[in-house]
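Copied over from TrEMBL:
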DOMAIN    204-250  domain 'PAS'
DOMAIN    253-303  domain 'PAC'
DOMAIN    311-385  domain 'PAS'
DOMAIN    388-440  domain 'PAC'
DOMAIN    441-486  domain 'PAS'
DOMAIN    575-792  domain 'Histidine kinase'
DOMAIN    820-935  domain 'Response regulatory'
MOD_RES   D870  4-aspartylphosphate
TRANSMEM  138-161  transmembrane segment
Amino acid sequence: MAIKHEIIVLENIRQARIDLAKGFLHIGLAGDARSPFKQEIGIAYINQAATVFKKSVSIHNHPGLTTITAKEEQLLQEFSHDIFVFQQSLANDPLIQNAKTKTNLRIQFYNLEKQADQIDNFFNLNLTRLSTQQNSEFLTALLFAVFLLTLICIIFFNLILKINKANQKLIASQNQLKTISDNLVNGMIYQVATINGDERSFNYVSNAVNELYGSSPDQVLKNASLIYSKIHPDDIEALIEAEKEALINYTTFKKEARVINPDGSIRWSYYVSHPRQIDGIVCWDGIELDITDRKEMEFALLDSKKQVEESDIKYRIATEATKDGIWEWDLETDETIFSKRSHEILGFEADYDVKPLTYQEWEDRLHPDDKERVLQTIQDHLENKTDYNVEYRHLHKSNKYRWQNSIGKSTYDENGKPIRMIGSIRDITTSKLAEKQLNEERNFLKNILENMSDAFISLSKDWTITDCNAKAGLITGKNPIDLIGKKMWDEFPEAVGYPVQRYYEQVMTTKEPLQSEDYYDPYEIWIRNSIFATKTGIAVFFSDITNRKKTELELVKAKEKAEESDQLKSAFLANMSHEIRTPMNGILGFSSLLSEPGLGKEEQQEYINLIQISGARMLNLISEIIDISKIESGMVEISMQEVNVNEKVQFVYDLLKLDAEEKSIELSYNSNQFPDLYLITDPEKLYAILTNLVKNAIKYTDKGAIEFGYNIKDKNIEFFVKDTGIGIPLARQAAIFERFIQVDIANIQARQGAGLGLAIAKAFVSLLGGKIWLESQEGIGTTFYFTLPFNTQNRPMNLQKAITQQIEKENASHISTKLKMLIADDDAISRKLILKTVDEFGDQIIQAVNGREAVAKFLEHSDVDLILMDVQMPEMNGYEAIREIRKINNDVIIITQSAFGLTGDREKAISAGSTDYITKPLDKNELVQLLNKYFIDLKD
C-alpha cells in the first residue's frame, strides 16, 4: 500500500513541476514574450502546481503510509513554503513590470527547480526501496511456503492451511504490485538480470512497456533487445559506464538517456535502479520514467536563460557604448531606478550601492529656469502621449550645472493609465558649449555681414537667393527676408548679375575664390566682386567702388601734381631767395652809401627813396608769405566793412601806375559807371585781390596796355583785369591759381615775385563769397575775372570824406601830449622806432627790454597811462608780464604789439589781460586811432 502512495505522490510532484515550468514560460520568466492573456494562463499553471505540491505533501505525511527522514520532511516543508512565497511575489506584480520583481522571481524559480530535483531523487529512492522490499517479501513468502509444505508433509493439515494463507497473501501482494506498475504514469517498473556482465534478460516488466517501447511484456521478457536497441546510440555507452560504477559498491544507479520511439521521434527517459546479487546473478530492480516534458522544459529554460544573458550582454554593451544612463520610473509605486551610468552622469556614482538616487532628488536638482518646462514635458507625455525628449540643466554633485538630454517612453494599462516610464540620460554639456560657441560665431559672422559695407548674397546652382544681408536689400529696396527664394535676375540690376554670370563657371570648376573689379558702362559705375564656391552654389560679395576709383584717379593726379609741386617748390625757393635778396641788397647797399661823406642832399633823398621802395617790396613779400600761411592754416580773419569801390580802384591805380610806366605800359581803370558805389566787404582783402591781379598783369606784360575795373552783373559785382601780355598756355590754365605757379617756369628769374599772388587772390575771393576765373590766349593776353556779392549802399562821397576828415581832426586835437608811457620790447631798433612814433604824445617814456623788467618798472611807476607790450621777449614773454601787471592794476591801458600777425593773436592777447592789439610794423595812423579811442577825454 505504501509504494502505491509513494508513486502517486511522485507523479503528482512531476506533473506539478511541468505545470510550474509552463507557468514560468507564460509569465515571461523563461524569455518568452509576455501578453495579458499568457500572463493569466501562466498564473493558473503556477497556482495548479502549488495545489498539487501541497496535496502531495499532505498525502505523503499521512500516518501509516511510509516513514521518511527528518531531512526529507524539512525539504518538503521548505518547498511548500517557497511555492507560497513565489505566489505572493507574482500576485504583487502580475505583469512583472518591475525589473527588481522580475529578477527576484527568476531567482525563486531556479531555487524551486533545485528543490524539485531533490524531492524527485528521494522519491525515486523510496520507490526503488519499496520495489526491492516487495520482491524480498515475495521470496521470503515462497521460502516460508516451502517450509510449510515440508511441515505439511509432517503435519499436513495445519501446514496446508498456513500455506494457503501464505499463497493468498502472496497473490494479493503480486496483484498489488501489478496494479501499481500498471497505473504508473509515464513510466514502467522492471527487473533485469545480467549474466556474465553482458547478457541481459528481463525477469519482470510492467504493462507500460507497450506504451513506451511498442512491445508487450511477453515480447520483452523473451527478447531484451526490444528495449536496449531503442536506446540512443550516443547514450548507450554512458548507461553501461553508470551500471559499472553502481556495481562497484552496489549503489543506486541513476541516469538520463534518449530513447528512439517507434515513430522515430526522440524522448527522454530517467532510469533509477538498484543492483543486488542472487545466486551469482545480478538483478536490477528499477523504474524508467518518461521525462521528455521536463527535459524540453529544461532546454527551454536554458535557452531562455541564455537569451536573457545574451540580451543583458547586448544591452550592457549598447548602453556602455552610447555612454547613456538608463532610468526606470514605476508610476504606481513612485519607485525610481537609476542605472550606475546614470549615477555617474549625475555625479553620484559613489552613492549607487549605498543610497541610490530618487525621483524627487533628481527633480530638486533641476535648474530653476528649466524646471517648469521639464515637468510640463513629462506631464504632457504621460497625459497626451507626446514625445518625451527634453534638454535641461541639472546640478551636478560638484555644484556645477551641466546640460543633459533625457528621452523616455511610457507603458499603459488596459485603461490607458500610465504605469511605467523608461528612458535614458545623456550628458550634452560639451556639445552645448560647442553649440553656444558655434552660435556666437554665427552671430558674429552675421553681424559682420549685416554691418559690412559690401552687399552679400548666397545663390544656389539655379540662381535662387538663399541668403543675403541688409546692404543687398538696400540695393533692391526690399527687406532681405523678402529676397530669399527669389531669382537673382529678377531682383538685382545687370551691373550685379553680369560679373556673377561671367565668372560663375570658372569659380565652380576651380573651386578657387575670385575677385574682380568691373566697369559697367551703361551705368558708368565700378563694381568690385568677391565670388566663392559653396556646397550648394556660390556666395558673392559686391560693392559700388565708383567713388574709390575716382579717388584713385584723383590720387594719381594728385601724385603727378605733387611731383610737379616739388619741382615748383624748388623753383619757388630759388625765386624766394632772389626775391628776398634783391630788396635786401637795395636796403643794405643804399644804407651803406648814405654813410659816405660828401653826399649831396638830392642824392641822399634818392637813396632814401630807393631804401623805402626796397623795404616796401620786402614787406609785401613777407605779407604774401604770411597771408598764404594764414590761408593754409585756416586762420584768416574777415572784417566786413563799408567800402567805397571807386576809391579802392583809384587807390590801386595810384599805387601801381609808376610800376606800369617803368615798363612803358598803359595802365587804365574803369569806375565812371557808378561814382558813388559802396560795398559791404573786407577792404583789406579786396585791396589785396586787386593789387595781386594788377601786379601779375604788369609782371607778365612787356608791351601794350592793362585795363581793370568792374561791372554790375545781376546780384554780383564783377571785377576784371585785362592785359596784352604773354598769355597762359591752355595746359597750365587749370593750375595757374595754385601756389608757386608761374607761367614761364623755364625763365622764372626774369619775373619778380614769389608766385603766391594768384593763390592768395583766389583764396580771398572764396572767403568773400565770390568766384575767380580767367580767359587767355597764348601770345595775345589774359583777362582775370572775379565776383563779389552785391551788398551796395549809394551815398554821397563827400559825406564819407567829411566823416573821415572829422575823425582825423579829432585825432589831432584830442590826443594828450602828457601821457606817461611804458614801452617793453627786446629789440632796440623797434624801441627806437616806437619812441619816435609816440614821442609827440608822451610826457615821460619808460623803457624795458623784457617782460620781467617791464613788471618791475611798472611797480616803480604805477601811475603810467599806457603800456605798449611786445609779445616775444626773453626771460618773461609779454603775455606773462600782462598777467602779472593785472594782478596789481586792472585799469591801466595795455596795448599788445606783435610781429606774428596771425589769426588768434588778438584773442590770445585779450585773454591774457591786454586792452587792445596792434601789429608790427606800427602804422602811425592806426596807433593814433587807438590812443584817441582810450584817451579822447584828455586835453592839453
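Even glycines carry a Cβ here, placed using N, Cα and C.
The helix, strand and coil residue counts that DSSP assigns across the domain 'PAC' (253-303) are 12 helix, 31 strand, 8 coil. Across the range of the domain 'PAC' (388-440), the DSSP-based residue counts are 12 helix, 30 strand, 11 coil. In the predicted structure, the domain 'Histidine kinase' (575-792) carries a mean pLDDT of 82. Residue counts of the domain 'PAS' (441-486) by helix, strand and coil are 22 helix, 11 strand, 13 coil (DSSP-based).
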